[in-house]
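*Asks:* When I checked Swiss-Prot for this same protein, it listed these features:
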- H294: active site (ACT_SITE)
- 469-485: compositional bias 'Polar residues' (COMPBIAS)
- C42-C68: disulfide bond (DISULFID)
- C221-C238: disulfide bond (DISULFID)
- C344-C350: disulfide bond (DISULFID)
- C372-C381: disulfide bond (DISULFID)
- 462-516: region 'Disordered' (REGION)
- 1-21: signal peptide (SIGNAL)
Amino acid sequence: MRLHAFTLLSLLGLVPSFAAASLSGSVGPLTSASAKAAKKTCNVLDYGAKADKKTDLGPPLAAAFAACKSGGLVYIPAGNYAMSTWVKLANGKAWALQIDGVIYRTGTDGGNMIMIEHTSDFELYSSTSSGAMQGLGYELHAANNWSGPRLLRLWDVSDFSVHDLILVDSPSFHFSIDTCSNGEVYNMAIRGGNHGGLDGVDVWSTNIWIHDVEVTNKDECVTVKSPAKNILVENIYCNLSGGCGMGSLGADTDISDITYKNIYTWNSNQMMMIKSNGGSGTVSNVVLENFIGHGNAYSLDIDSYWSSMSAVSGDGVELSNITIKNWKGTEANGAQRGPIKIICPDKVPCYNILIEDFAMWTETGSKQWYSCQSAYGSGFCLKSGSHHTSYAVTTTTVSSAPSGYSAAKMPLDLSTDFGSTQSIPIPTIPTSFYPGATPYSALMSKQSTKAAKARAVDMSVETPAAASRSEQVVQGASQETSQPAPESAGPVRSVPTGGNRPSRHRHGHHHFWIAA
């Protein structure tokens, strides 16, 4: 019998019901990267790659994958690599891709620089937490070319993780998770240009856990698209970004059981937006909890008549069972754009919308408004009642700050954007993504350092022969070229004190994480 962590923990009363409903089962690869590497390691340098920032990495990467696709680890050592032809790595099983170098886009085709498809039991990571894809999108954007490639796309991938990776300046979207299942994405930094169409993370999949990710761009931060079910998004740092959202939503929308938790949004377009214009289908069972915002144009923005998208045939997307809880901070100008805007379709009004513990205040002026249309539930401008008929926009204006709106800021909040026509530097992955929240997993670079130190301590009590072998292992793990450090990889990482976590696969078995 297959058990799931959330089912067990919720029965024990250890996980809130909304969290238990977010994911439907375990996430992550079935086997560790170290086990994959032990079976076979395919170093791209052995297949013709050169870290000279000139030789095309595409063919060597494809060749290394072909050799390891049935089980093994494809290894890109530290160094600078050029990539002018894109790769589609399909039909792999029980394999991992370790990117410790920096891949620079040198080609101009559209599509996806790296696409993983029809794959199971997969892990993509950097053991140094500094591996990156540098899209150099500014080179195309300066010529008003916005049709360049995406950096990374996963399609039809199950039981996977992507972590400790940096994505920079994509010509188009940065990271798309398309029709995947049982996945985990974490410890990432994404930095794009200040222009629309340069999405951070887009996900339309089932049973996905995205956490501890920083995004800088002008469009989507971490956005759920249709169809999607059982998505948990938490500890997200939208650092001068477009902000998180759902949509754009069109015909036959099918989104349910979505949780956004611990979302920090700085100087962005919105804290959360659900956007549509016509269409059909449903969005249901959504929790938006623990949001902090500062300097954003919009805060909560549900707009079923969003004018920036062309109208879609249909009466509108039905929104129901949405909880907005514990929002704090400030918006840029509450008189121009109030912190609560819930505009629902007149033909299919929203219902069971709950707003509680919501305290935002304007940074400019001394008043703000709340606006609702055809929206039912509890809190602020929402109407109560079980008969959900349409009604015109109602707006409430207030001129005094709510109590408890003050909220912490992050020390790495950016003061300026990176434009879209100049080079964007490769950042480091932060170690904090939401005020007061400890990331679920330490960066792999820090884990490797701790492992090496522990190994060095153990050497002092080993026999001389064993100590010699241990020293060789430590030295090999610290090298940045020629050999991977598989002992630092794998689906099992440290558990922070004081919180519950979803279940990850552990060496082919389901492991139930219970916080100390």
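Even glycines carry a Cβ here, placed using N, Cα and C.
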*Asks:* What's the most sparsely packed of the disulfide-bonded residues C42, C68, C344, C350, C381, counting other C-beta atoms within 10 A?
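*Replies:* Per-residue Cβ counts within 10 Å for the disulfide-bonded residues C42, C68, C344, C350, C381 bottom out at C381.
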*Asks:* Run through the Cβ atoms and count how many others sit within 10 Å of the one on C372 (disulfide bond).
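*Replies:* C372 (disulfide bond) is surrounded by 27 other Cβ atoms within 10 Å.
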*Asks:* Using a 10 Å cut-off between Cα atoms, which of these recorded positions sit near C344 (disulfide bond): C42, C68, C221, H294, C372?
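*Replies:* Checking each Cα against C344 (disulfide bond), the hits are C372.
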*Asks:* Please state whether DSSP places C381 (disulfide bond) in a helix, a strand or coil.
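*Replies:* Looking at the DSSP assignment, C381 (disulfide bond) belongs to neither helix nor strand, so coil.
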*Asks:* To the nearest whole angstrom, what is the C-alpha distance linking C381 (disulfide bond) and C42 (disulfide bond)?
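*Replies:* Each residue's Cα considered, C381 (disulfide bond) and C42 (disulfide bond) end up 59 Å apart.
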*Asks:* Sort the recorded positions C42, C68, H294, C372 by C-alpha distance from C221 (disulfide bond) and give me just the closest.
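*Replies:* Its closest listed neighbour, by Cα, is H294.
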*Asks:* Taking DSSP as the reference, which of helix, strand or coil describes C344 (disulfide bond)?
*Replies:* coil
